[in-house]
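The structure appears below as structure tokens.
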Amino acid sequence: MTARAIIIGAPRSGSGKTSVTIGLLRAFARRGVKVRGIKTGPDYIDPGFHAFATGTPGLNLDSWAMQPDLLRHLFSQQTEDAELILIESAMGLFDGIPVAENRTGSAADLARLFRIPVLLVLDVSGQSQTAATIAHGFAHYDPDVTMGAVVLNRAGSERHRTLCTEAIEKIGLPVVGCVLRDPSLILPERHLGLVQASEHPEIDPHIDRLADAMEKSIDLDTLFSLAAPVDMPCGSVAAAIAPPGQRIALAEDAAFTFLYPHLRRHWRAAGAEIVPFSPLADEAPDESCDICWLPGGYPELFAGKLADAVGFKAGITRFAETKPVHGECGGYMVLGERLEDAEGVIHAMTGLLSHATSFATRKMNLGYRQATIAADSPLGMAGDVLRGHEFHYARVIDPGRDQPFAHMADGQGRPLGPSGGRRGFVSGTFFHAIAKGG
């Protein structure tokens, strides 16, 4: 079976890519097509929606953080037993950072690398024929990135659709569908993006409504034929992050949700066993595990409950006496001494590290990061370089007394200083690791 693939891109965030992608995934799945979803860039939330829409795990591909051979390997894995791959772009299609060619982090990099056409989603609210100038720009901006077709989104009426369609088709781009404006299709959001699929109270009915809208509005047969057959080498896992232990105690509940699908998949494929536990249910890490991993998530929304989880706190403290504990972002916040929530209430955390964080005065920290590990750790040896990102609103209000976990640089290599902390067997940082550097 040869899979076909197409990238779903747009001029900017907020154009409706996610709703269109989720709806198309479910619509094709309902037709019996073996369809899979991929999200470009560092995004934990959208792959969860892709998984709910298809019943199969999602995946992230990031051309800045992942070396080309790792991209090929992960993409090849996702195409196994699949007929159609829909790749949802982050932000605008060409948006990335100004670094080496095809390593910018943009979805356009993947279009070039994999020779995949783009389905351009245009939010035409507030315009009509002018949408054709945007489509024209996309069609001619980069000769190595092919615009396969256009989908109009948030049109106000059939007349509005006709005006936009006629103008765009005059420049030689087919319009394969038009989704009319419908507030009921909007997905709820919060400070780190969309409310996660697992927390959406009516997720399946909502995805079905999106699928109904796509079935009604988009020519699915034409879209399938526009997707390009995938034919590429299998790549390599050399740049993948190795399992941090043989048995990994993984915090997994509404407060700890951000573990990239490719990491979980690779760790299991490498022979590691993941043993989940729930701090919110006052569960401690299994003492038979080799390492405890606290991923990112939303501990600030559950700070009071975590502070009261005496069994969890005692268990992880006992675990950390002899075995490694690592926390990323939200997990790092919980490893500190205290966490101040949005209302200014201070909650005692585990105290395994000495810092304190606050969500009361929010400041967005966002961007690609290169982390040089300061000392041997579960993520690598001293001097090893990892690529990943930060995305959080919390601030460190007391840096504590611990040694840094890593020395950080931004996506262009500019130094940002020390990051995180380490003490004994415990380490943590706001940095989310994606892959080995290089």
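Using the three backbone atoms N, Cα and C, a Cβ is placed for every residue, glycine included.
Feature annotation from Swiss-Prot assigns domain 'GATase cobBQ-type' to 247-438. Here Swiss-Prot flags Cys329 as active site, nucleophile. Per Swiss-Prot, the feature site 'Increases nucleophilicity of active site Cys' maps to His432; the stated evidence is sequence analysis.
In the three-state DSSP reading, His432 (site 'Increases nucleophilicity of active site Cys') counts as strand. Ranking the recorded positions Cys329, His432 by the number of CB atoms within 10 A of their own CB puts Cys329 at the top. His432 (site 'Increases nucleophilicity of active site Cys') and the residue listed as 'active site, nucleophile' have their C-alpha atoms 7 Å apart, to the nearest angstrom.
For the domain 'GATase cobBQ-type' (247-438), the model gives a mean pLDDT of 97.
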